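Under the heading transmembrane segment, TrEMBL lists 112-129, 141-158, 247-265, 272-290, 296-313, 325-347.
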């Protein structure tokens, strides 16, 4: 009996000894793995929740590589609609609604359109960025949108005051100090205040945002003079705008960053639905109005070439534009075609040639209207 117990004890020690050696070997292998990857889950260098964050990060990267966003019909429709109504329709609304409804010491109907545009446009741009299938640099996006809103707000105040000065006899083609209603102000330091307002509106506000449309209000204020010239058989004057350059740098930068995320590795997904094809026409037509009336052809052509270069570069990587990227690309291509046809049509107009003497000749639609359309009525 004692011999059997001694034999069992020796076998138990042998088994447990081999098990301990195996366990020690496994622990040594895990320790070596942790030393090679100190940030791995369970390792001494691991942070709380590191494994969850790594798994989530890898899944996001996989979605960005394989996923493609569907066509954002709702956002593109609202974006095109509000551009036509709140931007193109803003000066038209100022012509339609009687001045008596909006006293000069209160916001006009155009100001309310302007306020709505300043709120809705950044919201729609943020929605587009959030639906982008690729993660974009958030800090640059936020800075661009903040700059856009700040410039739009500055221009809202300056443009509103400028419209009221026009109704009081202010002449846009003259400098602030040369205007008859300004140069006789007392004390003369008030003129400095008006020049400061002009700087905020025409330089700082336009460089951060930019907007066109002041000419309709100017035409309304000068309508009697235009009518008298027409009745005497003379050509109505082409009213000068406040500035020729309307830089939209933050706006186009946001669109380009969104466009850079609209690529898919599947060529079958590089197509547009029928609704997107229908929206291309009003979208491209609006950008034509924006480029010509806002005089931003240089910025537009630079953005268009950058988009084309990006498409060719991504094509080498076997990446193709998705439906949203195609919509934006075709809208810009249609705009470029319309601008070329517009310039070719008015290439030999002597009056407009004199008004736009620079190397880049892109007449404004409102200048064409005051010259050839309003003078006929």
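The backbone N, Cα and C atoms fix where each Cβ goes, glycine too.
Only sequence-distant pairs (6 or more apart) were considered; of these, at least three Cβ pairs between the transmembrane segment (296-313) and the transmembrane segment (247-265) are under 8 A, so the stretches are in contact.
Scored on C-beta pairs under 8 angstroms, the neighbour of the transmembrane segment (112-129) with the top count among 141-158, 272-290, 325-347 is 141-158. Away from its own ends, the transmembrane segment (247-265) comes close to residues 65-66, 68-69, 125, 128-129, 132-137, 140-141, 144-145, 147-148, 151, 206-210, 290, 294, 296, 299-300, 303, 306-307, 310, 314, 318-322, 324-325, 328-329 of its chain (Cβ-Cβ under 8 Å, at least six residues beyond either end).
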